Amino acid sequence: MKTIIVLSCFFCLAFSQDLSENNNNTATLCLGHHAVPNGTIVKTITDDQIEVTNATELVQSSSTGKICNNPHRILDGRDCTLIDALLGDPHCDVFQDETWDLYVERSKSFSNCYPYDVPDYASLRSLVASSGTLEFITEAFTWTGVTQNGGSGACKRGPGNGFFSRLNWLTKSGSAYPVLNVTMPNNDNFDKLYVWGVHHPSTNQEQTNLYVQASGRVTVSTRRSQQTIIPNIGSRPWVRGQSRRISIYWTIVKPGDILVINSNGNLIAPRGYFKMRTGKSSIMRSDAPIDTCISECITPNGSIPNDKPFQNVNKITYGACPKYIKQSTLKLATGMRNVPEKQTRGLFGAIAGFIENGWEGMIDGWYGFRHQNSEGTGQAADLKSTQAAIDQINGKLNRVIEKTNEKFHQIEKEFSEVEGRIQDLEKYVEDTKIDLWSYNADVLVALENQHTIDLTDSEMNKLFEKTRRQLRENAEDMGNGCFKIYHKCDNACIESIRNGTYDHDIYRDEALNNRFQIKGCGVKSGYKDWILWISFAISCFLLCVVLLGFIMWACQRGNIRCNICI
């Protein structure tokens with residue numbers, strides 16, 4: 001019996017210790033921060049995996065699947081390559097004098113005129129693409145003693161034989177092909193592009209039938225350059241019924257310079273010039289459909305948004321585009337360190353502060369207060385510290401975009417087979433640039449994430465220290481982000497602490513008096529829950545023993561009878 005009395009007193013003492021925290025003479029005030037059940041993992045300088053409440057994806061990994069025609073002027077090449085449109089292939093006549101920001105070449109494009117080759121195809125294609133126009137000005141060249149406007153069955157224009165509309169095929173007149181010597185000055189204030197060619201017959205007989213001389217020659221000169229081409233007579237693989245070829249060349253004539261053409265045969269003469277413009281027009285191979293929409297950035301896969309600093313859709317881009325990197329995802333922390341709230345807090349559901357964990361459900365701020373006093377419990381956000389953290393984080397994404405978005409385009413690189421080593425070197429340089437930017441992106445984002453987490457932790461600590469300085473000796477730091485206030489603190493008192501108007505002198509005497517009274521017989525809070533559980537278990541055990549003893553005593557007295565039937 002004495003044992004039961006002692007344990008009952010011990011249980012009551014522990015129970016009264018818990019209740020003493022919530023009596024009318026004390027209060028508990030905790031500081032905490034926002035938390036979510038499932039956060040987002042980000043990378044920092046010191047930790048590859050740290051959970052935050054919120055993060056923004058920085059890598060654009062998908063396209064719209066279509067090319068937007070605004071704000072860039074897109075010219076759909078359909079079944080015409082840019083060079084075919086330049087030369088005037090009959091099925092490309094619709095592109096005469098067209099302009100563009102981006103010329104889109106399709107995989108289905110084809111040539112449908114006299115078979116030709118361009119020894120410096122990539123340079124000519126790039127030159128015309130960057131000019132952004134096929135504006136053509138016809139000039140009055142004088143070709144005396146030869147037949148003009150030659151045609152071929154390989155280049156039908158309507159029902160009859162035709163030829164490239166921007167070129168003039170010259171052949172003998174009668175039995176003569178005199179030496180041609182024609183000049184054309186550039187008296188304008190812009191560059192002029194002249195496109196011309198050399199015809200390569202398949203046999204010597206064909207050479208003399210067309211040009212009389214057994215071997216022709218074409219020389220095109222300016223003050224800055226000279227090109228002399230000797231035809232290569234011989235049969236080639238058949239293309240559209242022809243084993244002959246035309247080689248296409250080009251010459252740029254600067255303002256004040258002069259074009260000189262000298263030939264004794266095999267000349268495919270220019271009919272005029274293309275007006276060259278300077279700009280940032282370009283060309284791209286893509287089969288993505290063109291649609292009415294708005295996008296600053298275009299890739300062969302389609303347009304992509306440029307609201308992210310990085311993309312891994314395609315290395316080839318046009319417009320103001322995110323930087324291409326290898327990573328498929330990089331997350332920028334836009335929230336604080338996430339510590340999900342514990343679901344249980346001891347036997348009596350005590351509140352706890354930020355040192356233990358965060359608070360879920362705090363929707364009106366990132367930082368705040370929870371209190372427990374004689375009027376109950378409550379919660380309120382601290383908007384000042386919340387706004388201070390948000391202001392420092394808000395500009396991060398825009399700053400990263402400004403550092404990385406390209407305001408120019410990355411064009412396709414093309415080289416002929418003989419320039420293989422140059423192509424390999426160029427590919428190595430491009431791959432190295434991508435590797436470097438991928439590494440830079442990793443470091444940049446990790447640094448920004450580290451800064452975000454540090455500054456949000458700092459705001460929490462600032463709020464805690466501000467509260468500590470207000471309360472002074474009127475409260476005790478409980479070590480978990482909470483203060484035990486040793487005086488009666490109703491809701492108005494709690495509000496004064498939150499808004500910074502608390503006057504500790506008013507409550508000083510009461511707090512000192514209560515502190516000594518409570519500490520005189522207090523049980524250390526770290527062992528309270530253990531004592532309560534042990535006391536409860538022993539009490540239950542003793543209750544069972546007493547009940548069993550009562551049953552045995554009743555059986556002996558005959559008050560309870562137990563019959564066992566077999």
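Cβ coordinates come from backbone N, Cα and C, glycine included.
The signal peptide annotation in Swiss-Prot covers 1-16.
Residues annotated as topological domain 'Extracellular' in Swiss-Prot, with sequence analysis given as evidence: 17-530.
Residues annotated as N-linked glycosylation site in Swiss-Prot: Asn24 (among others).
The feature N-linked glycosylation site is assigned by Swiss-Prot to Asn38 (among others). When secondary structure is read from DSSP and collapsed to three states, Asn38 (N-linked glycosylation site) falls in the coil class.
The N-linked glycosylation site annotation in Swiss-Prot covers Asn54 (among others). When other Cβ atoms within 10 Å of the Cβ of Asn54 (N-linked glycosylation site) are tallied across all protein chains shown, the result is 17.
Here Cys293 (disulfide bond) comes close to Thr64, Lys66, Cys68, Asn69, Asn70, Ser303: these same-chain residues lie at least six apart in sequence, with C-beta atoms under 8 angstroms from its C-beta. Residues or ranges marked as disulfide bond by Swiss-Prot on the basis of sequence analysis: Cys68-Cys293 (among others).
Annotation comment: Swiss-Prot describes Cys80-Cys92 (among others) as disulfide bond. Its Cβ placed at the centre, Cys80 (disulfide bond) has 23 other Cβ atoms within 10 Å.
Annotation comment: Swiss-Prot describes Cys113-Cys155 (among others) as disulfide bond, evidence class sequence analysis. Under the three-state DSSP scheme, Cys155 (disulfide bond) falls in the strand class.
The N-linked glycosylation site feature in Swiss-Prot is assigned to Asn181 (among others). For the recorded site, Asn181 (N-linked glycosylation site), the DSSP three-state label reads strand. Long-range Cβ neighbours of Asn181 (N-linked glycosylation site) (same chain, at least 6 residues apart, Cβ-Cβ under 8 Å): Val260, Ile261, Asn262.
According to Swiss-Prot, the disulfide bond annotation covers Cys297-Cys321 (among others).
Under the heading N-linked glycosylation site, Swiss-Prot lists Asn301 (among others). Listed in sequence order, Ser63, Gly65, Ser286, Ala288, Val313, Asn314 are the same-chain residues at least 6 apart in sequence whose CB falls under 8 Å from the CB of Asn301 (N-linked glycosylation site).
What Swiss-Prot lists as disulfide bond is Cys489-Cys493 (among others), and the listing cites sequence analysis. Around Cys493 (disulfide bond), the C-beta neighbours below 8 angstroms that are at least 6 residues distant in the chain are Ala27, Asn373, Tyr502, Tyr507.
When secondary structure is read from DSSP and collapsed to three states, Asn499 (N-linked glycosylation site) falls in the helix class. Annotation source Swiss-Prot lists N-linked glycosylation site at Asn499 (among others).
Here Swiss-Prot flags 531-551 as transmembrane segment.
According to Swiss-Prot, the topological domain 'Cytoplasmic' annotation covers 552-566, on the basis of sequence analysis.
What Swiss-Prot lists as S-palmitoyl cysteine is Cys555 (among others). Reduced to three states, the DSSP call for Cys555 (S-palmitoyl cysteine) is helix. Just so you know, the Cβ of Cys555 (S-palmitoyl cysteine) picks up 12 other Cβ atoms within 10 Å once every protein chain is counted.
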Checklist line | Residue among recorded positions Asn54, Cys80, Cys297, Cys489 with Cα closest to the Cα of Cys155 (disulfide bond) | finding: Cys80
Item checked: Candidate with the highest Cβ count within 10 Å, taken from the glycosylation sites Asn38, Asn499 -> Asn499
Check: Within the chain of Cys92 (disulfide bond), which residues six or more apart in sequence place their C-beta under 8 angstroms from its C-beta?
Finding: Cys80, Asp84, Ala85
Check: In which DSSP state, out of helix, strand and coil, do we find Cys113 (disulfide bond)?
Finding: coil
Check: Taking just the CA atoms, what is the gap between Cys297 (disulfide bond) and Asn54 (N-linked glycosylation site) in Å?
Finding: 27
Check: What's the CA-CA gap between Cys321 (disulfide bond) and Asn54 (N-linked glycosylation site) in angstrom, rounded?
Finding: 25
